[in-house]
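J.: Pasting in a structure now, in structure tokens, and then I'll have a few things to ask.
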């Protein structure tokens, strides 16, 4: 439940035939009553009000006019803090509908019925300026409420707010994306540059975790996942994935070294065995078992384009880095496509 504050000029019109008077042939248009407490007024209250106050500087901001036919115009300036239940699933790409509900407290619908003015019942100032929201539209409706004591007349104003996204784009989305791009720099570093790659991975991971902590501290705690939680969670996963990629590269690099050493050892053993065989055969060029034999080498298999491209890189660690240079940006671009299409082009007008 979120609170929002507003300042309104609240006007009511009703007819009280007990207040009719002679206008002296049009000389008196209306009377101004300085003490509103002297006449009957509707017992209206704001159902979702948290707190509020009247304006008393320099004089009470109250206007009460009585017309000859008994019509009464009652205008008062109020400052209200109202409750607004918000659905933050799409935060900060959300639209919120806040209500202003006005109802009779003691008079049932049999005694008192509220109705909106036919023309422009709600007027919004053109100079209104909200730091993080834009008031897109407002709608009026009736909201008759029923309780154990009876049915009460009620009026409602729905205010549709759209959250300004530029602030969150600059403060959250772009910095998170930049941290991901920085984590990808390790893919272009030498696999043996252990200190540089570990430092880069850990630094970006800690920076992302600090960024997420700051974001969560400024948000209301809710039990469901918000749009910004999806973004920060996936960004943290990409940064962590870049760090795990180096662990895999480091393992592959050490494995490449062991395989190269084992291959050299096998070549040395094979060469020594061949020399021993030649020495034992005397002046013959080949060992006895190899005389008259034809050696048929199997025809090399035709590799596909992917294997041919990867074969240009001599070690597995280098191949992992090269694949990561393509795989990580591709997956991040795919995530962005799904994310922005899902949250920007939705139909959630409330």
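For all residues, glycine too, the Cβ spot is worked out from N, Cα and C.
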J.: TrEMBL lists transmembrane segment for one of the ranges 230-249, 250-269, 270-289, 290-309; which is that range?
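T.: From TrEMBL, the annotated transmembrane segment range turns out to be 230-249.
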J.: Which stretch, out of 165-189, 190-214, is listed as transmembrane segment by TrEMBL?
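T.: Of 165-189, 190-214, TrEMBL gives transmembrane segment for 165-189.
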J.: In TrEMBL, which of the ranges 126-145, 326-345 has the transmembrane segment annotation?
T.: 326-345
